[in-house]
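Peer 1: Quick paste from Swiss-Prot:
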type	residues	note
BINDING	129, 132, 237	Mn(2+) 1 binding site
BINDING	132, 269, 363	Mn(2+) 2 binding site
BINDING	236-240, 363-364, 412-415, 419, 438-441, 514	GMP binding site
ACT_SITE	438	active site, GMP-histidine intermediate
């Protein structure tokens, strides 16, 4: 691997902060020079309160007693390091839920010009849980109907959907079926009877990335994925029964089949499980070899990458597409199980309960898209890590049903807090490559959360709020407690006020199922 650029001498916080300037009430700019070799600026969407959080993290990093101990660099440094990657255009963009991660910060968007032969693809810009995403189903049920049975319904969901670390799926999957899943995505779900035709229409990429090549997925990745189809997993993944709490845009909400406060919806948050993690892990070794061969230098080893046009780059994109297809089938399988649970509870088939998919979005993926850069339409490889595609009205890649509203964007809150449906805007298309936030974003590490919170207290608070809770690993709930995250409403409002997405519906949970 080519040597990483030598780090600049340690600077004081004041030295570092001089490179971070306020553009407006919703945005700060990280100027070139903040880290070596920046080709574009960093642009971070934050309001005053969220700005204070990212600057506090930078201040802690600059304190000689608080850093140099390993771990991730602060989010501002990671955003700037991405701005130094070959072929990057526009800006390295961070959304309000940004926090440090592996390579790219979580909440980072970066686009690379396919027409530039030096442009790269980086697994760190997608993440280990490839196509981690969110799906929302609506129903014609009301809180008055579901509230009295929410405990039983939460238990039914918990019984139907395998959850937790190492959970095994109940959707029968043979090695041959897995090959088809990796290649076909939701077309497999449709063929096998686990999805409705409209589900596919209301899924990003229509639930299938066409460049998928199962031969590029390792045997180990397939072995990990085989038993996990239709499983929720652990961490911040969940299935929630939610009710409509507020409607901000009645026209858009009605297009989504949401027409009243108190209407019951179901949100599913999960990804590609062990298969996606293994695809990412496998790619890093190949990327390091490619960097050494092609003389690619990066500021951080975790930004291992390869030229898009290289064999390594193409192999990763083909394997990543397989993992993305797996994730869509995984969420489709859980949708099937969720529909079964509701049908059993209410004694009606799912179609009579109007259990249609509103939309399914990915927030860990890299895709080829057309965007305007400096007045010229270009094909870009857009990396979205912990950020969501948010295309505007009339965009050709969003469903007919949403041509007048813009793409629905699903923003999951933290355990026990509200979630949101947003819609994409033209301003977002211009300013953020058609991207917005994906959730609340961590404010406290998992490790710190485990040390300062008690799981009994977290569960008791949820019960006090009237939320039914089923958890496979109770001692891990501290990691996902609301206190461990930023305020999702602050995050969503920042994006709304900046004009990069528009608030449509607010949802609140009445039952939560977690791993």
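Just so it is clear, glycine is given a Cβ too, placed from its N, Cα and C backbone atoms.
Neighbours and distances for these, please.
Peer 2: All protein chains shown were included, and the count of other CB atoms within 10 Å of the CB of residue 129 (Mn(2+) 1 binding site) stands at 23.
Its Cβ placed at the centre, residue 269 (Mn(2+) 2 binding site) has 25 other Cβ atoms within 10 Å.
Neighbour count (other Cβ atoms within 10 Å of the Cβ, all protein chains): 28 for residue 438 (GMP binding site).
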Peer 1: Let me check the 10 A CB neighbour count of residue 364 (GMP binding site). How many other CB atoms are there?
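Peer 2: Other Cβ atoms found within 10 Å: 29.
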Peer 1: Near residue 438 (GMP binding site) in space, meaning Cα within 10 angstroms, which of the binding-site residues do we find among 237, 269, 363?
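Peer 2: Those close enough are 363.
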Peer 1: Tell me, which binding-site residues from 239, 269, 364, 414, 441 are within 10 Å of residue 132 (Mn(2+) 1 binding site) if we use the C-alpha atoms?
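Peer 2: Near residue 132 (Mn(2+) 1 binding site) by Cα: 269, 364.
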Peer 1: Tell me, which binding-site residues from 129, 237, 269 are within 10 Å of residue 364 (GMP binding site) if we use the C-alpha atoms?
Peer 2: 129
Peer 1: Just to verify a number: CA distance, residue 414 (GMP binding site) to residue 269 (Mn(2+) 2 binding site), in angstrom, no decimals.
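Peer 2: Cα-Cα, rounded: 11 Å.
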Peer 1: Could you check which of the binding-site residues 269, 363, 441 is the closest Cα neighbour of residue 129 (Mn(2+) 1 binding site)?
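Peer 2: Comparing Cα positions, the candidate nearest residue 129 (Mn(2+) 1 binding site) turns out to be 363.
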